[in-house]
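Features reported for this protein in TrEMBL:
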type: DOMAIN; residues: 16-157; note: domain 'Glycosyltransferase family 28 N-terminal'
type: BINDING; residues: Thr23, Gly24, Gly25, Asn139, Arg180, Ser208, Gln309; note: UDP-N-acetyl-alpha-D-glucosamine binding site
type: DOMAIN; residues: 202-367; note: domain 'Glycosyl transferase family 28 C-terminal'
type: REGION; residues: 381-405; note: region 'Disordered'
type: COMPBIAS; residues: 382-405; note: compositional bias 'Polar residues'
Amino acid sequence: MEDSGMNTTANMNGPVVIAAGGTGGHFFPAEALANALVARGHRVALMTDARAGRRTEGVFATAEQFVLPGAGVAGRGPVRAIKGGLALLKGAKEARQIMMRLRPSAVVGFGGYPSVPPLLGARLLPKSLRPVIVLHEGNAVLGKANAFLARFADAIATSFPLVRGLPMGAQTTQTGMPVRPAIAALAGEGYAAPEPGDPIHLLVWGGSLGARVFSDVVPAALAALPLEIRERVSVTQQVRAEDIERVRTAYDAPGIAAELAPFFADVATLMRDAHLVIGRAGGSSVAELTVAGRPSVLVPLPVAASDEQTANAQALEGVGAAWLMRQPAFTPDALSALLAMQFTDTGILTAAAKAAASLGRPNAAERLADLVEATLRGGTQGAYSASKSSPLPTESSASNEESRA
């Protein structure tokens, strides 16, 4: 661990810069933290990438926003990796120039390549101006961006109690994954499995755009269910715009009621009404499932950079909160057999819902805000050294894009 060299007296009244971008999986928790910090009287600023763009609603609408250049380098050919690296360095230079003016008190990164320029830019500031650097890792495997940035961090927050790939001696604080307020409000509402003869509500989501594999597999799996189960099922499914008509036809043929759309704004209501969720296993997705206490069938994205979605799904499956189906095994026959079992013996769903809720951290945004403030108050000894004065429990472990498929 490098000494971050943070000046523990300067910039305490500066804004907290939040570095996040790309998909909603990185952005939703960043927005939740920003809400918590603003409620405590902090100013926030956003550094993001072109995919996320400028925010015109929510907490960031009135904050300073900066769109920085950058590109991923993992899993790319040599030429694209070099171009991506140069873009990240250009973004870091721009971030440093912006921070020379902003004088932030802290920079919080949520992983993914959009977090690299702001945090690297913060590290390149003169020592007297360096802010606190806090990382949040939302998956059960340390992401490549966070693995690079960990050496500069003053604190590392995690969603899971154990995170694979952490550097030897890393000290982490399990805050959980901040979720949208509407999802957090579902905590404690409980779960009621469908009684015999009652309607069964199935929610299918596939990341930011809707995964095509769900459009191919789920309608065929439901069509193969016994009639006495199939006629009770209704589906709400996120589907790519170009696939909606064929998926609608696939549901209409066996008479299955289906609501289809590329995007649903009120995910909290859909989650509340769902008896079972089928989806990917990104960090934000599994966090929302656990906060809401909903059983799920998880199909990890097979091309995730560090296979983090498989690790996330395994963490839920390990306590009985979910069923993991790897994409090659996610076939209509296999899914239909699983659904028939779940909808016949609904006590299985009740047990899974209870297990999921036991993992939920509805106050994760507040806990992460606590960690940011604690690091500001106490300065830092670095994320690799224990802080005995921290008000939050720390856990040390050395072992410790969504929907294109």
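All positions are counted from 1 along the displayed chain.
Quick reminder: no glycine exception, Cβ is built from N, Cα and C everywhere.
Keep in mind that this is a model prediction, so the values were computed, not measured.
Distribution of TrEMBL features across the structure.
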residue: Gly25; record: UDP-N-acetyl-alpha-D-glucosamine binding site; Cβ within 10 Å: 24
residue: Asn139; record: UDP-N-acetyl-alpha-D-glucosamine binding site; Cβ within 10 Å: 29
residue: Arg180; record: UDP-N-acetyl-alpha-D-glucosamine binding site; Cβ within 10 Å: 20
residue: Gln309; record: UDP-N-acetyl-alpha-D-glucosamine binding site; Cβ within 10 Å: 27
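Under DSSP, residues within the domain 'Glycosyltransferase family 28 N-terminal' (16-157) fall into helix, strand and coil as 68 helix, 27 strand, 47 coil. Here the domain 'Glycosyl transferase family 28 C-terminal' (202-367) has a mean pLDDT of 95 out of 100. In the three-state DSSP scheme, Gln309 (UDP-N-acetyl-alpha-D-glucosamine binding site) falls into the helix class.
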